[in-house]
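Student: I am attaching a structure below and will ask some questions about it afterwards.
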Amino acid sequence: MSITKLARSNAFKPIPNFVRSSLRNAGVESSQNTEYPPYKPKKHHILATNLIVSYFEKGLVEEARSLFDEMPDRDVVAWTAMITGYASSNYNARAWECFHEMVKQGTSPNEFTLSSVLKSCRNMKVLAYGALVHGVVVKLGMEGSLYVDNAMMNMYATCSVTMEAACLIFRDIKVKNDVTWTTLITGFTHLGDGIGGLKMYKQMLLENAEVTPYCITIAVRASASIDSVTTGKQIHASVIKRGFQSNLPVMNSILDLYCRCGYLSEAKHYFHEMEDKDLITWNTLISELERSDSSEALLMFQRFESQGFVPNCYTFTSLVAACANIAALNCGQQLHGRIFRRGFNKNVELANALIDMYAKCGNIPDSQRVFGEIVDRRNLVSWTSMMIGYGSHGYGAEAVELFDKMVSSGIRPDRIVFMAVLSACRHAGLVEKGLKYFNVMESEYGINPDRDIYNCVVDLLGRAGKIGEAYELVERMPFKPDESTWGAILGACKAHKHNGLISRLAARKVMELKPKMVGTYVMLSYIYAAEGKWVDFARVRKMMRMMGNKKEAGMSWILVENQVFSFAVSDKMCPNASSVYSVLGLLIEETREAGYVPELDSLVNDQEVGT
């Protein structure tokens, strides 16, 4: 049995004794230039190098290093085996150290050494290391090696903030292969420049370069990144023309394109036409359904399982999010049980989805429990999800305490975290705390508050009745207030019966920005009614009738016996409507007996005014 076969067999043991013996006796080999007969074993360094490669293939990184250290003579092939092994095993820092040690000891790298160490520089995203290797490439005159040039281009495309350096290398390559083109297209796409990626793809086609399935998937991804379903359809047509429609990764990328661009009906049609489907296919469609039709996502999961597929963490994450969207607590709890039985409960992304689901379903204790179970794995999303859960249910003090605890644990908040804690302060009326966090955003963390943050603070002040301060903040905003800003002011004026100049100004601003927003007209009419200005009240209502404005009925969902039902305000067409309204009548009676008195000060009969 050869060394390589022995290494790959189940009987494989670290550093066999005969290899050690060969290494020890290496120094006493005859220096005569006699030719080895075909039956004589390979030289010691070749045996050791082959074994190093096998060690890395088996994942025995330390054994590979130990054997390498025992080699008395290390040629470029042995060094390259170590560097390539480290890079392939994701020990990128060790690959760089090994390369540095190799150069220091005077061994000149070859093109395979350089491409492997460039791969490690790319994986570490350390541009300075990659630039040093580039200098070695120039010094050794290996710039013409396509293997090295492709690796250098890949490194610059990944580590740089622009594609300038990668494009310079690309232009100097005289004979380009499919890897060259695909690397550049991928670089543009990953940097968020889908247009640049598609331009390179078009140039590739014009030069009649070989188009691989992987290159097509990147081009489709570039189309999706700029929401260009038209370009995606053109690529789809070329897929059929080139005979790649049986290539599942290509077909999955096209399905993802339709989903990301919001073409759900086309995505579903395409999905049903696909002859072959894998886990990625199903996950792609379920993920899109979670965003657009959560109840259908849950039904699709039933079909998924009926066809023998087994869910992974990504599947469960989409399903838990679907339950959160429609507040399907029972379904979410069932999924949680399955997640636990599958051993996925340690996955932090899934845990974050569960925290969010329980919070949106109003079950804060279970959100806290899941949050507590990942105490050693929490990331920024974990803290943010729990803060949002606290804030949306009025636990402002708990959200503030959690924010302070997060900061003290060494996690630096971002803009979304500040939005979460400010929103919690807004719902709980913690004005001073909210203003404190608003002020430290820029001074301590260097985060410039965006429009949403300003609107949140305006609403915080407005809800607390500090309408004058809220208006002053609007005046100081570094950008023009939008309809949400003025809407927050208007809502505060109505809630606190502040029916003066500010309320009318806010209403006028919202109507200018969103002239067809019916809620503004309704609110302004309420303000006029509260002030006793019935002429103005009638004028606003007449405007609404002339514009044909009618307030859109709100929609909601409810889960009954594992089936999701949707319903609207005053819905008489729902199943068992008579029973539903009978129960509603009983609930109204109970609320009255409990002492609830509805606010009727500004109530106007909508039927009379035609809205």
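Here the Cβ of each residue, glycine as well, is placed from N, Cα and C on the backbone.
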Student: According to Swiss-Prot, which of these ranges is region 'Type E(+) motif': 252-282, 376-406, 562-592?
Tutor: 562-592
Student: May I ask for the residues of the chain that lie six or more residues beyond the repeat 'PPR 5' (177-211) and have a Cβ under 8 Å from a Cβ within it?
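Tutor: Sequence-remote neighbours of the repeat 'PPR 5' (177-211) are 146, 149-150, 153-154, 156-158, 161-163, 166-167, 170, 218-219, 221-226, 228, 231, 242.
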Student: Looking only at residues six or more beyond either end of the repeat 'PPR 4' (145-176), which have a C-beta under 8 A from one in the stretch?
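Tutor: Same-chain contacts beyond the ends: 111-112, 114-115, 118-119, 121-122, 125-127, 130, 133-134, 137, 183-184, 186-188, 190-191, 193, 196, 209.
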Student: Which residue counts does DSSP give the repeat 'PPR 1' (44-74) for helix, strand and coil?
Tutor: 25 helix, 0 strand, 6 coil
